[in-house]
Amino acid sequence: MVQIIKDTNEFKTFLTAAGHKLAVVQFSSKRCGPCKRMFPVFHAMSVKYQNVFFANVDVNNSPELAETCHIKTIPTFQMFKKSQKVTLFSRIKRIICCYRSGFMSNLIFEFCGADAKKLEAKTQELM
């Protein structure tokens, strides 16, 4: 099941509930075409991977949370364990981007775009 997150407090509660398990958060918008294509995929993954926590944040309804999580484009998927973003990268381009913007000390795994295969592969890897 995909939990709908409406604000920062719900987000913190969601991450706390996930604890040591993987939490996958989709930042999206109901008006975004690629986001619409990913909704059924994301839901299907939540059914398939019962031991993973899944949540969706609509950036139009939660702009403060989107800003706090540094969401620049949608859909964006971030993965967490123990309330911390997972420290893996899938592409060198992302590392360079974070290095240039000063985030090298807080490396994260996230990716943007509607790539269902990549999302599922990374979820399996991090479980």
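Even glycines carry a Cβ here, placed using N, Cα and C.
Small disclaimer: the values here were computed from a predicted structure and weren't measured.
Annotated in Swiss-Prot:
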DISULFID  CYS32-CYS35  disulfide bond
DOMAIN    1-92  domain 'Thioredoxin'
Using a Cβ cut-off under 8 Å and a sequence separation of 6 or more, which residues in the same chain sit near CYS32 (disulfide bond)?
ILE74, PRO75
For a three-state summary based on DSSP, what are the helix, strand and coil counts in the domain 'Thioredoxin' (1-92)?
34 helix, 24 strand, 34 coil
Other C-beta atoms that fall within 10 angstroms of the C-beta of CYS35 (disulfide bond):
21
I'd like to know the mean pLDDT over the domain 'Thioredoxin' (1-92).
88
